[in-house]
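Trainee: Dropping a structure here in structure tokens format, bear with me for questions.
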């Protein structure tokens, strides 16, 4: 919580800058944040602008555009499961297709089968016609029971699937605010279980990729509401990655092959927070020619959500590179 308080203090003390230097730093001003938010809401109506309590409002943002929110976003798998990491099974368990575990066993003891067979033959002698009729009746009975059992097994499996999905289901409210200290968007998550009960922070951490859990995730009080605990996700190299994307666009322009929107989507699809311009570290400046076609500032949040998707792989919010 100390880290959360220090972060809030830093946000409060950092002066607001209204100058636009998106093309050189990858950072955005409050006005550009609003512009990017309008574009996100236009492309994906599940995201909406919202106001904040009077004492929590930021005067550098419009009263009705304090933050962006999307509610009840589904998450069916934890990050560990989504990334394909499996736990060991017990000795009595058998893993089936699609991750299901079969824990019961069928008793195929030969001695028991022999006893049952001898018991059937100890009942005395009957005539051949009675034996034939009895065998036919048994065959019909077996066929009927097999059909009924098959139907029951299918129903049980469907119920098992539904029960398992409901037990794993979580819902998230996602908030995007403007960070004055980093001059980039900042994401907050507030989660609920399948019964609508708020998740503990340690439970929400289960939905964050292990690569970022200890680096970019922090327990904080939601800054746009009172007494609401959240997990904040801030890719601290976000502005540097944006510069990487613009560097790709500039290089494409120099090769007389302007970076159109399709190329840009392909470039971002293969990038993550660890990518950088060859031969440069993230801390170094990247020279970008002015007026080079590439990412527009109103598309900023689409790229931002692309990054967040790698941090929270199991949360299914609306974003797509087609919006570029």
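Cβ coordinates come from backbone N, Cα and C, glycine included.
Remember, it's a predicted structure, so these values are computed and weren't measured experimentally.
Swiss-Prot feature annotations, pasted as is:
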- 82-166: region 'Flexible region' (REGION)
- 100-134: region 'Disordered' (REGION)
- 236: active site, glycyl thioester intermediate (ACT_SITE)
- 240-299: region 'Handle region' (REGION)
Trainee: In three-state terms from DSSP, label the residue listed as 'active site, glycyl thioester intermediate' for me.
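Mentor: Looking at the DSSP assignment, the residue listed as 'active site, glycyl thioester intermediate' belongs to neither helix nor strand, so coil.
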Trainee: Provide the number of Cβ atoms within 10 Å of the Cβ of residue 236 (active site, glycyl thioester intermediate), excluding the reference atom itself.
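Mentor: Other Cβ atoms found within 10 Å: 12.
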Trainee: Taking only the residues in the region 'Flexible region' (82-166), give me the average pLDDT of this model.
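Mentor: Mean pLDDT across the region 'Flexible region' (82-166) comes out at 50.
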